[in-house]
Amino acid sequence: MQFDSLTDFLNMGGYAFYVWLSYGITVFSLATLIFFSVRQKRKILIEISKKMQREERLKANRSNQ
Amino acid sequence: MWKWLHSYADPQRAYNLSGTLLPWFATLAIAFIGVGSVWGLLFAPVDYQQGDSYRIIFIHVPAASMSMSAYMAMATSAFIGLVWQIKSADWAAAAIAPIGAVVTFIALITGAAWGKPMWGTWWVWDARLTSELVLLFLYLGVISLYASFEDKVLAARAAGILAIVGVINIPIIKYSVEWWNSLHQPATIKITEKSSMAPEMLYPLLINIFGFGLMIGAITLVRFRAEILARNGMRPWVRELAKAEGVK
Amino acid sequence: MNKGISFTQAFYTLLKRDLQIAIRHKGDIFNPLLFFILVVTLFPLGIGPEPQVLSRVAPGIIWVAALLASMLSLERLFKADFVDGSLEQMLLSPQPLSLMVLAKVLAHWILTGVPLILVAPLLAVLLHLEDNSYGALMATLALGTPVLSLLGAIGVALTVGLRKGGVLLSLLILPLYIPVLIFATSAIDAAGLNLPYSGHLAIIGAMLVGSLILAPFAIGASLRVSTN
Amino acid sequence: MVEEKTATTLVSADSLTCIREERILFDELSFHIQAGEIVQIEGPNGAGKTSLLRILAGLSRPYAGETRYKGEDITRCRDEYNDDLLYLGHLAGVKSELTAEENLNFNLRISGYDDFNTNDILAKVNLSGFEEALAGHLSAGQHRRTALARLWHTNCKVWLLDEPFTAIDKKGVEELEHLFLRHAENGGCVIMTTHQDMGIIGDDILRKIRLDYRFI
């Protein structure tokens, strides 16, 4: 362990701003990317099922005629 | 000789296979990055020249090296898609592009945040930062070309060609930027001197590089699966999945 | 009715047709040239008329303006052919596609690249370029602008089917122009300092050879995607 | 699939699937076209007629399946196939900056011919006297005929024509029909899309391939 206390660790030998900025931006941008990537799949499946319902309605309409 | 490739090209098989691989990649990525970052931030010794600011290295260098590797991976799968006409490979290339762009962006930002305490300015036209910037442009080109086509099957092919053209150019760009840099800016502090690194610093760095690679792999698999579903919306097996999801 | 496939006949037929069309459509030749001249004359107004400053930045200005002009003029390279269906005919002709693509790029370079090279020394005078640098300026433009045309044509071929390709095109091809820019401007700088610059020229020449060999295939593949 | 390869099969479709905007236009479509056949692809707007023609020409890549020329996948024998293929889309590559004669001259030369008299050929499509007119100044029908003129000087066996009769008058249609019949007799084949009824090519000669508009 290189640091004696938590404040010492957070202080990063005076470079706190730069170090935590880097780590912060990294975590934030990766989290955003992962969030959107994971959500993508659900969104696509919902879209497909909506499209299927539309097609069902279309078919029903046509057979009524 | 390349027949085995085609058996994995079947969308459903590719979807299932990447589903099996995903948990492994994700778990290992979290484990590696966790160990590497904690080691790097808490236990690695202080650099005698740069103080604690050097701890940015544990994300900057993995991001920088993986940004190049991701481009290579993208171009390789685009090449497979182009030569053997495998659509899944084109889709994989399209899935990697945004991830590569984010990783390149991270490499740029962390490079700048490191440059400020070291050089006193956020941006210098250092060879590594400049070629990262160009690499970001190349990624953005692939992404926006992909986004501009309405037919995504074509979009993936067009983006694939661009990725291959880019990969031929990357070494030339990198070389010319380095040469240009040596011409205009002799003797800046090199921000990474790998050879002089103590092993206590090197190990967490290597662990993190590996972890970043696994993480990119994991996110690629997630995006690749979504891409397969989106392109195969009319196939019965996708419709089954959609039925299960849509009712919720 | 005999059908002999002669590569040179196909090449010259296409080259001749493109030149013929361009001569009937003079705007396509002069607009990029005017753009080039205008951009260069804007710089002294923007950074001040001191000869020392201008001669220091002259190579960069001329080359950046040349990159932009070449990109702008390229935008229309395949557009007309795409719109009227000639491109499809080209893809289905029994002649090798890369050969025909090369003819089109060559026609385009003759029409836009050559005038640009001829005008460049006049602009260099306006920018107080070092006296020693004129040879290098001409040589780098002569070797470099065909590379720009070839690389740019790949981007154009990829975006020809899209409705708004303009901004996208710049994002696709300007990064690829970087090596040419670096070596060309430093060759001119080196010449200004009376240093040898044949090495720079050799590298640009190598890029020209490389892109002459590889770019036609990439352009052909891109056109096949775009017309799909 | 059906592997009834006969000596006269020119073009065959092997389980072609085409998907546009996430909609299946046709699925597992197979047929063989023999030398001497005149084929009309029919169906409502949006059924995929042009798409099918472009796939047969090798311009578009099908989602699945392949087009064959004399039994071989066209992506593998593109040069031979292009050498024997005459495709006219609904935009047929007539440059409005060039005259009718220059257009025809270019189109024939780029296909490899060099023994022709453009005036004779243009006379056959009723464009005598318009040789020097810029194509941009011609009427729609004359414009179309400038493109069609190539049909009178070709030795390609496979003709793929997308709406060849558009903007052509009755007499012109008849002349084209005669030309198609002659081409079929000489061992070629014609595959076309059209909404127009033909007078000379009767239903006994004409083979029809029907594409239906599909909702899924």
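Going from the start of the chain as shown, residues are counted 1 onward.
Using N, Cα and C of the backbone, Cβ positions are placed for all residues, glycine too.
What TrEMBL records for B:14-184 is domain 'Cytochrome c assembly protein'. The transmembrane segment feature in TrEMBL is assigned to B:21-44, B:56-84, B:91-115, B:127-147, B:154-173, B:202-224.
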Recorded stretch, among B:91-115, B:127-147, B:202-224, maximising Cβ pairs under 8 Å relative to the transmembrane segment (B:154-173): B:127-147
Interface-richest range of B:56-84, B:91-115, B:127-147, B:202-224 toward the transmembrane segment (B:21-44), CB pairs under 8 Å: B:202-224
Close approaches to the transmembrane segment (B:91-115) from elsewhere in its chain (Cβ under 8 angstroms; 6 or more beyond its ends): 53-54, 56-57, 59-60, 63-64, 66-67, 70-71, 73-75, 77-78, 81, 121-124, 126, 128-129, 132-133, 135-136, 139-140, 142-143, 146, 152, 155-156, 159-160, 163, 191, 212, 216, 219-220, 223-224, 226-228, 231
Contact set, same chain, for the transmembrane segment (B:202-224): CB under 8 Å, 6 or more residues outside the stretch: 14, 18-19, 21-22, 25-26, 28-29, 31-37, 39-40, 43-44, 57-59, 61-63, 65-66, 69-70, 73, 91-92, 95-96, 98-100, 103, 194
